[in-house]
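Beneath this line is the structure, given in structure tokens, with notes to follow.
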Amino acid sequence: MLTSSPDTIVAIATAPGRGGVGVVRLSGPQALSIASSIVGERLLSPRLAHFCRFRNQDGDVLDEGLVISFPAPHSFTGEDVVELQGHGGPVILDMLVATCIEAGARQARAGEFSQRAFLNDKMDLTQAEAIADLIDAGTAASARAALHSLQGVFSAEVNQLVEALIGLRIYVEAAIDFPEEEIDFLSDGKVASDLRAVRKQCLRVLGEANQGRLVREGMTLVIAGKPNAGKSSLMNALAGFDAAIVTDIAGTTRDVLRESIQLDGMPLNLIDTAGLRDSADVVEQEGIRRAYAEMRKADRLLVMVDSRDPLDDIHNLHDLLPQSQQQLENLDLPVTVVLNKADLSGLSTGPRADGAFVISAANGEGLDALRGHLKQVAGYQGEGQSRFSARRRHITALEKALMALESGEQQLHGQAAGELLAEDLRAAQKALEEITGVFTADDLLGRIFSSFCIGK
């Protein structure tokens, strides 16, 4: 059901900065009248561009350009929407917005246009999020995945699961509410078979969603190690250009350096850090503190070791980084150990039986094996496997639904199977409906839409 907001909102819909064209968007009950007061005439033909002069409340010409109206409900937000398309100078656009506000509109909050579209059933929550993902896409693969989500591919998968659960709930709850009908859902095998099918389908969607999340977010990899282990050299080798300064002087890198690259369509967020050692230098100490802070936020830690150094146990971080024992004590993070400088030590490059990787960041030997390892541990199967984009909250919701379905299967043959199974099915449905926004807390909606652009 369409619901009209009491106020009219306005915002610049094009990117900040200078451009050939800039768009100011209005949405709400006064959108048409406010726009008419600016262009000096009634907006007669919906969805047709009209060339006009834009004037302020004193009648002074601010700019000239096109005006297009989209009366409710056939608009992006489901409300009356007007776009004023003028020249893309920031000052001109700011004056247009100020004129709209003076005429009765208010400045839109971040993501408020998309939020109104969601509340007016013009799109579900995954489609609304896909708009932001499409705008933020850093790779062709992530843009394609976001577009598929915007077109409803992810929503359709979730809705199919919900429909299957509703069918199961009807059958199970009928057996509970009408015992006189003698519906025996245990003996006929229907519920067990249907529940197993739904669980398998949910597991498949979860796998695809994980691929969609990887295409969207990628993996954050912190490169850590002692000074002069070759951390910055590895970052440069993976990036394909000199992102970091490399010298033979220990402690060259003193701050956190970031670079985003792609591994076959998967974003890899590289973080180069200061060499870990005891230092009296205040600046170096701050760099080391920041290195530990980045480790706590990373998806994976890559520990660089000079392959000429003797090692007792590559699986023991305290042996690899003895000076970091206290800081790493409670760090629960998957680790990849890389033995660098094979060109100097003479070691054969590639993966070792103990799980370490031998490389030469200087000449690139062993890097292909390391790249393949990073894709493997991330669970990335290739950009062709991501049919839609997904976020961490989607993964969490699908995991909750899967846990409820697995619990339901376990309840089938226990005492009070009907009541417990019905509760698990309700929990699974609730988790899935959080994805599309059928059941979503207001504070979650606020967090989601506040991350959008102002003009969306």
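Note that Cβ sites are derived from N, Cα and C of the backbone, with glycine treated the same way.
As recorded in Swiss-Prot, the features of this protein are as follows:
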type	residues	note
BINDING	Arg25, Glu83, Lys122, Lys456	(6S)-5-formyl-5,6,7,8-tetrahydrofolate binding site
DOMAIN	218-379	domain 'TrmE-type G'
BINDING	228-233, 247-253, 272-275, 340-343	GTP binding site
BINDING	Asn228, Thr247, Ile249, Thr252	K(+) binding site
BINDING	Ser232, Thr253	Mg(2+) binding site
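Feature map: annotations from Swiss-Prot on the structure.
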| residue | record | Cβ contacts under 8 Å, 6 or more apart |
| --- | --- | --- |
| Glu83 | (6S)-5-formyl-5,6,7,8-tetrahydrofolate binding site | Ala13, Val23, Val24, Arg25, Leu26, Leu66, Val67, Ile68, Phe70 |
| Lys122 | (6S)-5-formyl-5,6,7,8-tetrahydrofolate binding site | Phe76, Thr77, Gly78 |
| Lys341 | GTP binding site | Gly230, Asp306, Ser307, Arg308, Ser360, Ala361, Ala362 |
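With respect to Cβ neighbours within 10 Å, the binding-site residues Asn228, Ser232 differ, and Asn228 shows the lowest count. Listed binding-site residues: Arg25, Lys231. The one with the lowest count of other Cβ atoms within 10 Å of its Cβ is Arg25. Cβ neighbours within 10 Å of Ala274 (GTP binding site), excluding its own Cβ and spanning all shown chains: 26.
If you take the Cα of Ser232 (Mg(2+) binding site) and the Cα of Ala274 (GTP binding site), they are about 9 angstrom apart, rounded to a whole number. Reduced to three states, the DSSP call for Lys231 (GTP binding site) is helix.
Along the domain 'TrmE-type G' (218-379), the predicted structure has mean pLDDT 81.
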